[in-house]
Amino acid sequence: MTELKNNPRDLAVDALESIDEGAYSNLELNQVIQDADLSEVDKHLLTELVYGVLQHRLTIDFYLANFLQRPEQTPRWVINLLRTAIFQMEFLDRVPTFAIFNETIEIAKRRGSDGVRKMVTGVLRSYQRQGTPSLDSIPDLTQRLATEYSVASWIVDQLLYELGENKCRKILDSINRPAHLSVRMNPIQRSTAAIRQSLSEEYDVQESLLATDGLRLQNGPGLAQSASFQAGEVIAQDESAMLVGETMQLATGQKVLDACAAPGGKTTQLAQKVGPDGQVIAWDIYESRTRLIQQNAQRMHLTNIVTEVHDATTPCPELKEEFDRILVDAPCSGIGLLRRKPETRYLKSKKDSSDLHRVQLDILDNVASMLKVGGILTYSTCTMLRKENQMTIDEFLTQHPEFELLKTQTDKKVKADRTDLSLNIYPDDFGSDGFFIANMKKVK
């Protein structure tokens, strides 16, 4: 039996407890892996268990509901232990049931009382005997989809209303599939062809379907261990996010404001495109987050980024018509990131989305005067909800007749045949994050 401190199932329970208490899943998992002495196989299992339980938690809890007599009185770690067991039974074909039972019961025995061990044993045996509960017992479509795909019912309800059942189902199915590792190349010191060749010596490399400088990587070391990353030749970034810089019609020598910049993925892309004769001013409200931007800029050999601790809703009259381009990558509900940040689906509320809509408008209102006539203001979010996307843009344009909406165009002509001027990328479209991009030109 694996010692508990190096047992991926036991470590998964610890990580899930921390995430329940507010830790970010990616940061918590990275810390657990760093602190433990795990084989690559066990690291993979630990990652599968943590993200798998988070992705399917509502489904798993529905399955468990009839087998837990007093869940509100059951210790949180026991609930998470049972969740990991049911996840393995329902979603991991390669793990034998006897192994799941043995490991789960052993952890219950060593972490809890004999009563806990008996309860866990009873739940698992009853579950095995009675079989998987049917979702058909849920009559309401919204609740059934929310339970089947493990997404908060208000999100499902909104997607059904805005996009219809067919598209909603495709999106929900997509966000429970594994995320791709994607990187954007930084051809400052070497060509993209040379960077790709170096990466192919460590990974299986595929060209991005969306972004000109984007690649998908598989079957290799952690990105931070790769030679190309350490040389500053790549940065981890979702393919949808890479499109923002492509759409802004950037040119060398321009002065650009990135109003909500941290952690700096888009900032570095803007800096690459305006070149050493251009400049990117990068704002964030937290000093610790501006340091992340500086670290990325330094690693990628970019000397034309200036970071400032600044709230993008705070007026700066001295910056009137200062910038050729402004990017507002706005704070949002992050509903487009449910694949990468699965806990988001349980933490956000409809009120959060409405409150963020107001913040987004405040930022746009504030920076509008800072753009030169003829310049472009780009608005982007990593959400799929109309309230934070097109409705925000429509309201801004109503209040600011000096701007007109342009058609968002990418180098690879992504969804070029659409009728909407703004660009919506949904998770099922290309297997990337959900994203929204709108470009507005200041015409007077």
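Every residue, even glycine, has its Cβ placed from backbone N, Cα and C.
Predicted automatically and left uncurated, TrEMBL annotations should be read as such.
S-adenosyl-L-methionine binding, as stated in TrEMBL, involves Cys260, Ala261, Ala262, Pro263, Gly264, Gly265, Lys266, Asp284, Asp311; the candidate among Asp238, Asp324, Asp329 given for that site is Asp329.
For Asp311 (S-adenosyl-L-methionine binding site), other Cβ atoms within 10 Å of its Cβ number 13. Other Cβ atoms within 10 Å of the Cβ of Lys266 (S-adenosyl-L-methionine binding site), summed over all protein chains shown, number 24. The two recorded residues Cys260 (S-adenosyl-L-methionine binding site) and Cys382 (active site, nucleophile) have their Cα atoms spaced 13 Å from each other. Lys266 (S-adenosyl-L-methionine binding site) carries a helical DSSP state (H, G or I).
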